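Structure in structure tokens, see below.
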Amino acid sequence: MPDPFFANSKGQKRRRGPSNVNAKNKKPRTGTGTSKNQNQPPAKRRRRDEELDSDGTQDDDNVGGGGLDDLDLRHSDSDAGASGEEDEHETPAEKRLRLAKLYIDSLKKDIGEGEVDAAEIDKEILSVRLKQDVQESSGKLSIFIADKLNTSTYSKLRVKGHKLSVTCAVASEDGTMLFTAGKEGGIVKWDLLTGKELARFPKLRKDTKDRKGKGRADPAVEIKGHTDEVLALALSSDGKYLASGGRDRLVCIWDAQKGEWLRAFGGHRDAISSLSFRKDSLQLYSASFDRTIRLFDLAAMGYVETLFGHQDCIQDMDTLRAETAVSVGGRDRTVRYWKVPEESQLVFRGGRGTAQEILENGLDEEPDAASSSQTFVEGSLDCVAMIDETSFVSGGDSGSICLWSTAKKKPVFTLPLAHGLHEHHSETEGIVLEPRWISALACLRYADVVVSGSSDGFIRLWKVDSKLRSLTACGSIPCPGVVNSLRVVSPRSFFSGASWLSTEAPAVNGRSAAHLTVKGLGLVAGVGQEPKFGRWRRLKGDGVSNCAFVFTVPLRGAEQ
């Protein structure tokens, strides 16, 4: 005799399809024909099924027989027309084509009927934009404008608001704000379109006594600003936060729009030399003379981690979109490529020539800046800039610019004496020729343009080979003084409304340069009479002053 448990209808799994129809015709065990039917759902579930019914006329028999399996869940023709004429037999390629046509039609309505060609929209708006986004996300070199730059028609804005040398200058990506900092410890905010000063954050006095007059600081009093030289500035991609650091060993965070102090981060044991935001992110990197790099997340306003590895003071640092960074360690003559998620680093050792080679081979009798055989000892690496996620350039006191790749331990290409030689008088040896050290480097992100600065009175532009194998000169811009900071931005149509473009720039083909700067290159330079980190040299005369410059370099043919 079978076990009663297996004869119970509640222990059986519900069957679907035609078997349910046969089960419906079976006689009920109790003889009532309704309440004890094994296919009849409970009252609560029956009411829930009735509420889910599309037309509201389904009876109990339909629920018990076919249920939801027999319902037609497909959209009607009217619904398909409302959702863009979507067809159930439409292939993925046909769907992409239909959506592209809808997007072009919406662009036509926004711009105006009869004013735009559909082919031009597809080429300039869709294809170019998507291609650029894909290439930038891949982290490869994708913008080639070096051959089109016209350095003879540049425009110039000069702002002067610091008593001592300007150590750093940054501009917002929307082209509305400019921030500069100097050795006197102050930060100035400028209107980039008019060149007028908007706000000033002066150096604050550090109180060394508490309220009772004892010789110690009051921990309850928080200083909202800097108390010493400001050496580094960084601006987030959205223009919301400004980060500053200097010899007081603090990373200060400011509201860039309102010009208000938000908070300060400690932790570094020596002066902060460089700051950098990740592109399109609120992750901030700070480099210091204490040989460490600290990572902060401004979305949570917190500290993340510290990176160790350099054996000497970190002089400069740069980042792009990925969670990587590159830094130079001064006298340890190394460039380090940091992989933050993997917690690892790649070490690239610089230094062109050795002291033994100099003693054995000597120097050329008549040094030439273009001579590749000229050899100098590289004692310090002072600046670095990233071209893309796997390539970067470095410069130092040997006057050479080195092109690096993460795939090779040695420089891919070395450009010797990029800014020429400097005559130095020695009491024992007479006139000695020394290379002008590279004091600043910058790159347009994912583009073939590298910009360098020194003390020869020029900012020089270099073209990177499409295969990232060489550097060649493509122009120069006069800039008297020691170039302590360089940043590159891409000026768009907002620069056409700047008041200083029409007055400073010469006319080309009868038209002012205000019409030429819609597309091109923007350079922001912090210049001073002294180097950024010391006072071992001071330039005077020939227009040298403590100021910041903003240059716009148009592309050839941009006036057409």
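Cβ coordinates come from backbone N, Cα and C, glycine included.
Got these off TrEMBL a minute ago, pasting:
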COMPBIAS  31-41  compositional bias 'Polar residues'
COMPBIAS  51-62  compositional bias 'Acidic residues'
REGION    1-94  region 'Disordered'
REPEAT    159-200  repeat 'WD'
REPEAT    223-264  repeat 'WD'
REPEAT    265-306  repeat 'WD'
REPEAT    307-348  repeat 'WD'
REPEAT    450-472  repeat 'WD'
Would you list the DSSP helix, strand and coil counts for the residues of the repeat 'WD' (307-348)?
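Output for the repeat 'WD' (307-348) reads 0 helix, 23 strand, 19 coil.
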In the repeat 'WD' (450-472), how many residues does DSSP assign to helix, to strand and to coil?
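Reading the DSSP string over the repeat 'WD' (450-472) gives 0 helix, 13 strand, 10 coil.
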Counting by DSSP secondary structure, give me helix, strand and coil numbers for the repeat 'WD' (223-264).
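Helix/strand/coil tally for the repeat 'WD' (223-264): 0 helix, 22 strand, 20 coil.
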